[in-house]
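> First, the structure itself, so that you have it in front of you.
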Amino acid sequence: MGCRLLCCVVFCLLQAGPLDTAVSQTPKYLVTQMGNDKSIKCEQNLGHDTMYWYKQDSKKFLKIMFSYNNKELIINETVPNRFSPKSPDKAHLNLHINSLELGDSAVYFCASSQ
């Protein structure tokens, strides 16, 4: 077996905000092989207008990937186009990732605000 078969991409997904908030993301943890396509779902029932996706890499740098407000998507230009947010409605902002790479291993979390 080559090294490529043994490598996998690991995601740790955190629920955004304090425990009494109503922002959730699923799955909570995601372990998969490189090259796979995966989605992370984020939902809020707080009636907020804006939702966000953040990424924190192994160097502990936190960066905003996407924000979505009133049908307007703002994309961080440094995010590879393999990452694409989808918002079927105001309460959801799902993150789709194509062709996962080892460098995608990070903590991803969503948040919302008014």
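Each residue, glycine too, has its Cβ placed from N, Cα and C.
According to Swiss-Prot, the protein carries these features:
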SIGNAL    1-21  signal peptide
DOMAIN    22-114  domain 'Ig-like'
DISULFID  Cys42-Cys110  disulfide bond
CARBOHYD  Asn76  N-linked glycosylation site
> I'd like the Cβ neighbour count for Asn76 (N-linked glycosylation site), meaning other Cβ atoms within 10 Å of its Cβ, all protein chains included.
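Excluding its own Cβ, Asn76 (N-linked glycosylation site) sees 14 Cβ atoms within 10 Å.
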> By DSSP, what is the split of the domain 'Ig-like' (22-114) into helix, strand and coil residues?
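Secondary-structure breakdown of the domain 'Ig-like' (22-114): 3 helix, 52 strand, 38 coil.
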> State the count of C-beta atoms found within 10 angstroms of the C-beta of Cys42 (disulfide bond), not counting that atom itself.
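I get 27 for this one.
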> Have a look around Cys110 (disulfide bond) and count the other CB atoms within 10 A of its CB, chains all included.
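Cys110 (disulfide bond) is surrounded by 28 other Cβ atoms within 10 Å.
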> Provide, as an integer number of angstrom, the distance between the C-alpha atoms of Cys42 (disulfide bond) and Asn76 (N-linked glycosylation site).
18
> Between the Cα atoms of Cys110 (disulfide bond) and Asn76 (N-linked glycosylation site), find the distance and write it as a whole number of Å.
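Distance (Cα to Cα, whole Å): 15 Å.
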